Amino acid sequence: MGQFFITPQYKIIIFTLFIVSILATELTGPNICSREEKTDHTVWVSYSRPQHIRTVTWCFNVPPRCSTYRTLYVTAYKQEVRQKVNVTKYCCDGYEEKDGICVQSIKCENNGTLTENGTCLCSPGYLGQFCEKKCPIGSYGLNCAKKCHCYHGTCNVATGICECFAGFTGEKCDDECPRNTFGVDCHYTCNCSSQAKCNPEDGSCLCPPGFMGDKFVTLI
């Protein structure tokens, strides 16, 4: 039968492929967790075992032979149970392995952030498993724990500031726009006759009885 010999070059190739395979499966980067796994395994260990050697020499006893002893230490083997600790790396909760790195598998919405335990930490103003829900009406802030009340407007779910509807102003949107102004934040100036009333929401002129026209200029 023919014999098969592994050349040094072939050994180098095998070793290189082995190292590459290890590196390919090794996780790198952030969001990596690890756990220790302990296992028992049996190994053979060497130790020095004492061995007493008896020799007989001439002496003045009767009969003229005496025993002497000396101790030699010989190498022996025994089995021992030892504990081996293996460290296993894996992607933390909320992440999954892709090409050797841990990428986020849970999408936190509305600028929420993923914590180490795999849950979403929501920004102020949002709730839900993935921070997909706005705070209910009348609440705002982190975990929607704070209360707000806007009479003619909506509460900013993050800051609690009242955002007034057109025609209203004030900290709680409880005041109408000042005379001759209208719109969101009372930003616009009315263009009505002095005797007409300006609608604070859309700037339309409300004519008194007996008059008509966009700016109240025509007598009926």
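The chain as shown is numbered from 1 upward.
Just so it is clear, glycine is given a Cβ too, placed from its N, Cα and C backbone atoms.
For 1-24, the entry in TrEMBL reads signal peptide.
According to TrEMBL, the feature domain 'EMI' maps to 29-104.
TrEMBL lists 98-132 with the feature domain 'EGF-like'. Packing against the domain 'EGF-like' (98-132) from elsewhere in the chain are residues 24-32, 91-92, 140-144, 156-159: each is 6 or more residues past its ends and has a CB under 8 Å from a CB in it.
Shown in sequence order, CYS108, GLU109, ASN110, ASN111, GLY112, CYS120, CYS122, SER123 are the residues of the chain, 6+ apart in sequence, with a C-beta less than 8 angstroms from the C-beta of CYS131 (disulfide bond). Positions annotated as disulfide bond by TrEMBL: CYS122-CYS131.
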Cβ neighbour count (within 10 Å, all chains shown) around CYS122 (disulfide bond): 24
